[in-house]
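Working notes for the structure below.
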Amino acid sequence: MKNKILNTVLISILLLVVVFFVSTNFIINVQWFKEVGYLNVFFTKLIAICKLFVPIFILYFCVIAIYLFTLRKSIRSLVGDTKFKSVKKYFLLSNLVISILGAGATATTQWYKILQFTNAVPFGEVDPIFNKDISFYVFKLPLVQSLFSTAISLIIILVLITVIIYLALGFKDKIYQNKDNVININSKTYGIRKFAGKQLAVLASVLSLLIGCSYLLKSYNLVYSTRGVSYGAGYTDVKITMIFYKVIAIACVISSIVVFISILKLKFRPIIISIASIAVLIVLEPVVAIFTQQFVVKPNEMELEKPYISYSIDATKKAFNIDEIEVKEMEPNENITSEKLEDNKDIIENLKVNSTGPLLSFYQQVQLIKNYYEFNDADTDRYNINGKYTQVFVSPREINREAMTTWQNKHLRYTHGYGLAMSRVNSVTEFGQPDFVMKDIPTVNTTDINLENPRIYFGESDNDYVIVNTEGGEFDYPTGDTENTFNYNGTGGLKMTPFNRVLFSIYERNPKILMSSSITSESRIILNRNIVKRVQEIAPFLTYDSDPYIVVHDGRLVWMMNAYTSTDKYPFSEPHEGVNYIRNSVKVVVDAFNGNVDFYVTDENDPIINCYLKIYKGLFKPLSEMPEDLKEHFRYPQDLFELQSKVLTKYHVDDPIKLFTEEDLWDRSLDVVKHGGENLSQGDEGKEESILNKAKENKNNEAENEGLYLMTKLPDEENVEMMLLDYFNMRGKQSMVALLGARMDGDNYGELVMYKFPPQRTIYSPILFKNRIQQDPNISKEISLWAGKGSEVIYGDIIIVPIEDSLLYLNTIYLKANSENSMPEMKRVILSNGDKIVIEENIEKALLKLFNYNSFEENKNSNKDETSNTEITSDNSGVKEAADLFNKAIEAQKNGDWATYGEFINKLGDVLNKMSHD
């Protein structure tokens with residue numbers, strides 16, 4: 001008795017341990033979602049699955065039970081009354097298993113479609129073929145098709161159950177009789193028609209009906225057809241395929257009646273005829289469609305397909321939100337004068353002379369401070385700095401987890417990044433280096449931007465956990481040879497209670513979490529620290545932009561992300577990159593210190609986000625609740641902009657005939673590799689190759705020109721604004737035919753503006769401009785000399801900006817010594833307008849040489865506290881002292897003497913501050 005009780009207790013304990021191990025992931029998810037404030041989002045899925053599972057299980061169980069009940073007489077006849085009761089138990093158990101598995105599979109795969117179906121929001125647009133609202137295709141049709149597939153699967157399961165029962169019981173009965181030498185029952189005399197003829201007749205009829213209905217549903221998929229010259233249903237789809245589908249559906253209905261009657265009457269010929277008729281129709285459809293397409297449509301394709309091409313143009317433009325682009329004609333002239341530049345000097349003052357690649361390389365050499373920091377990316381933003389609207393590069397300084405070798409350093413000691421580097425986009429120092437306004441550790445801030453808490457616990461680095469508030473403290477930042485520590489005082493993370501220590505030891509499969517003496521009950525474990533994975537964990541149904549960016553807000557750092565709603569179910573819209581409808585409907589803000597995540601709805605007209613609002617109550621906030629200063633940092637997402645640019649290469653036209661003849665197809669402008677040293681390393685002008693020809697020969701050197709964030713002013717506008725620009729060429733040619741700009745400041749956010757250029761003229765595109773640079777004898781000679789001396793020549797971004805009715809071209813050249821710790825420095829500026837092109841040391845000299853324009857002296861006198869586009873404007877003695885300190889700091893950095901480096905940098909900061917106040 002005691003042994004029995006002991007065994008029961010041991011088994012119970014073992015079961016509890018197993019359940020605990022299995023449920024660790026669920027328990028942690030519940031705690032984490034509660035911490036971030038979205039526990040209701042986590043349970044939305046679970047509750048939906050549970051709500052669906054119960055009725056679906058009942059449906060499955062009842063259908064199978066009723067079906068088995070109809071077979072009871074046949075089963076009793078096959079096994080006898082004695083064994084029938086025991087067989088019933090197996091049937092009940094089998095029904096339970098099948099129903100649980102079927103309901104579970106259906107609920108876990110269809111819960112989302114059902115929620116979309118029940119919370120559908122109309123688009124207010126209908127497709128041109130069936131006159132159905134777009135919401136039918138996006139929210140409803142996928143569920144209906146899935147349910148029909150499930151119903152067909154259930155019919156097939158019932159047929160399989162019938163066959164398995166018939167074979168299993170009949171075969172078992174035959175073996176049993178032979179083994180015991182009892183009278184042998186010849187199972188062949190009890191055929192399957194007698195066993196389940198009526199049941200199979202019903203199933204076959206229902207299956208035929210379902211197949212017929214599925215063909216009616218299949219008709220709706222024709223709006224995604226790729227058969228014709230445009231995406232969506234074409235002439236053949238509408239006039240041939242759709243009719244065939246209807247005929248097949250009618251044939252299936254007739255067949256269901258024929259099959260039912262024929263099975264009962266044991267007449268197989270009608271069954272064969274009906275099934276053969278359907279098969280012939282199914283086979284005949286593509287044959288007739290191909291014949292029609294080749295011999296009817298092809299000879300008259302333009303006339304027959306014209307309305308369907310129009311449908312595709314309209315749908316694609318609406319779906320990608322490019323149907324309301326403001327298009328302006330522009331015929332660029334070459335008459336930029338000094339007067340015109342003076343009228344547009346705000347454009348000149350904001351010309352982008354820094355490029356992300358060289359700048360990030362410089363940051364990594366000078367601003368990492370220690371090897372356990374890293375800069376993952378440099379983003380472009382704008383701030384009001386000391387009263388002036390200024391575009392800047394911003395790069396957060398995060399912890400480099402790969403530099404950590406021990407568990408304690410990786411998870412307890414080095415827990416957060418510190419501060420950021422910020423420099424002006426439109427200026428460099430006299431050495432061609434970034435003009436910093438925020439730098440170093442602790443942060444040296446020469447702006448009026450308030451940054452009190454520069455710590456980064458959540459960022460773009462890896463997603464591994466850290467444990468804060470430990471006994472040893474966390475490394476904060478270095479000061480010479482000493483290390484300052486910090487104890488986390490934020491709200492992020494889960495408390496390390498004894499229960500949680502056990503839980504996370506199991507979850508992370510690391511006993512150190514349980515055994516470490518540094519971890520106390522006040523310690524917190526911070527999970528999902530990668531901001532992209534963090535927001536994906538909360539809202540996986542959104543698509544996120546690949547480039548989050550950091551913003552200084554209210555004395556701390558926050559991340560801003562663009563999130564998209566998308567689908568591939570928009571009728572007649574041609575898919576690009578897996579979607580054929582997309583909206584940037586959500587802005588996500590993640591606190592870099594606490595990890596708080598807020599989702600703000602920015603497009604209230606998007607039906608998909610309105611559907612999500614109904615499904616996930618409490619997840620999204622209205623835009624009115626976002627702090628106003630954060631709205632000033634909205635960026636038009638580059639991923640979306642480039643996707644729209646790709647779509648516009650084909651769908652910038654409204655005329656279906658132009659799309660059909662492909663007479664006006666575009667390409668996004670090409671750029672070449674920005675490293676020019678390889679091309680010119682021989683230092684021989686005679687051996688230099690045209691970049692255009694070289695790009696044609698080596699496709700690896702070509703790449704689509706990325707959209708650039710620029711601070712500029714559009715023609716007819718009064719103020720400069722940050723914009724995203726992209727350039728287009730005529731397909732197969734390199735002459736530029738259009739410029740696309742996305743506006744993002746204030747009420748203009750989201751507006752797209754396109755300037756079209758006359759196609760009969762040669763307007764220099766980025767690659768043609770780069771080719772001109774290489775072909776100019778003065779420029780190529782200077783570049784060849786640098787390359788011949790062993791320096792690496794790096795080309796910056798090509799900038800093309802409109803100035804009233806003209807185009808100004810800008811390219812910068814960086815030099816980088818061929819040594820391990822060398823840094824790229826901007827050494828030359830190339831400016832061009834029309835056929836004129838010059839290369840000079842800075843913007844001022846280039847403007848003076850090209851246009852005889854010199855207004856920077858006035859700017860220098862009136863803005864002594866600021867750095868000009870390329871030079872520090874202070875007395876020579878101060879500049880010399882600053883240069884000497886900077887060079888000494890760099891030398892100390894190269895030698896790994898970080899204490900000395902810090903001293904020189906601090907002294908340099910004092911000198912610069914003194915210069916700025918003189």
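Note that Cβ sites are derived from N, Cα and C of the backbone, with glycine treated the same way.
Pulled from Swiss-Prot, these are the features on record:
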TRANSMEM  8-28  transmembrane segment
TRANSMEM  46-66  transmembrane segment
TRANSMEM  91-111  transmembrane segment
TRANSMEM  151-171  transmembrane segment
TRANSMEM  200-220  transmembrane segment
TRANSMEM  243-263  transmembrane segment
TRANSMEM  271-291  transmembrane segment
In terms of Cβ proximity under 8 Å, which residues at least six beyond the ends of the transmembrane segment (91-111) contact it? 45, 48-50, 52-53, 56-57, 59-61, 64-65, 68, 143, 146-147, 150, 154, 157, 161
With the transmembrane segment (243-263) as the reference, find which of 8-28, 46-66, 151-171, 200-220, 271-291 contributes the most Cβ pairs under 8 Å. 200-220
So what's near the transmembrane segment (200-220) in sequence-distant terms, Cβ-Cβ under 8 Å and 6+ beyond its ends? 130, 132, 137, 141, 144-145, 148-149, 151-152, 155-156, 158-159, 162, 192-193, 242, 245-246, 248-253, 255-257, 259-261, 263-264, 278
Distant-in-sequence neighbours of the transmembrane segment (8-28), which means Cβ under 8 A and at least six residues beyond its ends: 503-504, 506-507, 527
